[in-house]
Each structure stands twice: as structure tokens, then as C-alpha cells.
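S.K.: Taken from TrEMBL, the feature domain 'G-protein coupled receptors family 1 profile' applies to 65-314, 342-372. Taken from TrEMBL, the feature transmembrane segment covers 50-72, 84-102, 122-144, 164-182, 224-245, 266-284, 296-314, 326-350.
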């Protein structure tokens, strides 16, 4: 027997039981926590002010743009089609997904208080995983809708019946929620040995896994397997669908027909590229392998920029919204202006402030230039 240190306190334990006892005490301590501390960007106070000034209008415009898509699709009888039924659900997902984390981020950016309650953190994790999984599957459903529209246009309304559309959307929601309910309890139950600081601006699964004081290889392996089912499988389905779509488009002889097919699929393909480009980079890697700062900015892009751009992408490429031209033109103009001003502001601040002349901010400035 000997004395062992466990979280700064001395305990008289057997040598081979020391680590187990530390873990047990950490679990007990975890159970009485009432809050976590979201580190976010607190080590860069100047950047916090800039992010608040950019994210607040971007969030409000995200709410406006996606709400407009939902309202127009519901009010205009010409848009009561399978494609706009799925688009309505995508806009609702974007609204819910953004609102699950951005208000808390804005609160933390605006002051010194960086805390989030345990219940709030758990709810944020459940929503983040659930809504993200649903969006992966919904994009695959929308790819199937485009496949039927281009490859089997004469049978489109028969195949894409209201019953099938509701069934596909229900399946996407069911699988996404099931994935969240499976992974959230596992992540939250990991022993943290008294650690409260989450090195992120939200309660994201990789950040919470990094806080664990035990070997998380089994959990990360489970996450990777589920990611194959929820992330990669829909992506493979989307790529196969677009393979058939491309082949069908190449067989169209008229330039007008090809242009129509391109407009039909271009919006969805653009959204898929934005969505999967970020999510694969973030979640298909082990929790400790990627840069944490880089992960924060990618998650921020995924949380606010993609939902902000989705209404812009769809309204620009779909002529069916023509009856609401005035309203949509106003929304699109505002979205474009804020996106342009926000990215230019980031580039200028990074260029002018010498403290930001680091590799991370250099990469961020390049990302802003690409967005412009």
C-alpha cells in the first residue's frame, strides 16, 4: 500500500487500484457539476468583439432567409412539390441547428461569463448530433429526388408521392435522432476527473471526448463507425445518384435542356459540397489529431455560414420563386452585403493587427477571401 495523488488530494490506496479510484472519484465529482466553461475564443478578446459584430447580423439574416424560404414554399401553391417540401425541412433544420448554439456563443462573446449549465450543455450536444445527422440523411433524400426528376421525369410525380416524401423525411429524422440518443449519453458519461473547461465555443462531441481522463479509443472507434453510417453512407449515395444524373444530362441534345437540368441540381450540389466539406474534415478524424483552433473556425463556418448561404443558393438558382421577387431580392441583397462586409472586415483586421499575424489567422484570411 502507498499514498497516491488523485486530483491534488492524497488517498491511501492499493497501487494497482490507484487509477481506478481516481476515475471513480472523478465520476463522482462530475455528477455534482452544475456547469461547464466554454473556452471558445476567450484567449483573444479583440477577436471576440469582431466575431460578435459579424455573427449577430449573420445569425439574424439566417433566421430571416430560412424563414422566408419556409413561408414562401408554404404560401405559394406552385411550390407545393416534393423538391420544395424537402427544401422546407432543410431550412427548418438550418434554423434549429444554428439556434442550438449561436445564441449561447453570442452571450459568451458579449461578456466575461463563459459558463453553460450541465443541462444546457447536454441539450446542445443532443441537438448538434441529432440535427447534423438528420441533415446528412435529408441531403441524400434530396439527391434521390433530383435523380428521379432528371432520370425519370415522366414518372416523377408518381414515384415521389406525398406518402413516400413523408416517409423519407420521417426516416431521416428517426435515424438522426437515434444516432444522437445513442452517442450523447456515452459522451456525457465519460469520467472527466473534475475538468470543466470545454476547449470550444459549444458542447461538441470531440471537445467533450478530449476532456475525458480515461482511454477513449473505444468511444472514438464507435464514433467513427457511426459516422460511416450517418455521414459517409449518405455521401456515397449522393455521389452515385449524381453519377446517374450526369450520364442522363450528357444524353440530352439541346443546350436548353442541359441548362435546365443543371439549374435543377446545381443548388443541391452546392449545398452538399459546403456541408460535407466541413463535416467530414471535423468528424472523420480522431479527437486529438486535428488543430483545436482550426476546428473552432470550421465549426463556426458550419454553424453560421452554411445556413446563411443556403437560402441565397436556392433562390438564385430556382426560377419558381419568381412570384416573390421583390421580397427575395431584398433578402438576397442583404445576405450578400453582410457576407461581403463580414469577410472583408476579417481580412482587413487580420492584415492590420500584427498580433494576428499567425498561421491560424493567415488560413482564416484565405478562407474569407475564398468566401468573397
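Don't overthink the numbers, they just go from 1 along the chain as shown.
Each Cβ is built from the backbone N, Cα and C atoms, and glycine gets one as well.
Looking at the shown structure, can you explain where the listed features end up?
M.R.: Residues 46-47, 50, 53-54, 57-58, 291, 293-294, 297, 301, 305 of the same chain lie 6 or more positions beyond the ends of the domain 'G-protein coupled receptors family 1 profile' (342-372) yet place their CB under 8 Å from a CB of it.
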S.K.: Short question: which residues 6 or more past the ends of the transmembrane segment (224-245) have a Cβ under 8 Å from it?
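M.R.: For the transmembrane segment (224-245), the sequence-distant neighbours (Cβ-Cβ under 8 Å, at least 6 residues beyond its ends) are 133, 136-137, 139-140, 143-144, 146-147, 150-151, 175-176, 179, 182-183, 261, 265, 269, 272, 276, 279-280, 283-284, 286.
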S.K.: If we skip the immediate neighbours and take only residues 6+ beyond the ends of the transmembrane segment (164-182), which ones have a Cβ under 8 Å from one of its Cβ atoms?
M.R.: 82, 85-86, 89, 126-127, 129-138, 140-141, 144, 226, 229-230
S.K.: Would you kindly list the residues that approach the transmembrane segment (122-144) from elsewhere in its chain, counting only those six or more residues past its ends and only Cβ-Cβ distances under 8 Å?
M.R.: 83, 86-87, 89-90, 93-94, 96-97, 100-101, 104, 116, 168-169, 171-173, 175-177, 179-181, 183-184, 187-188, 202-205, 208, 230-231, 233-235, 237-238, 241-242, 268, 271-272, 275-276, 279
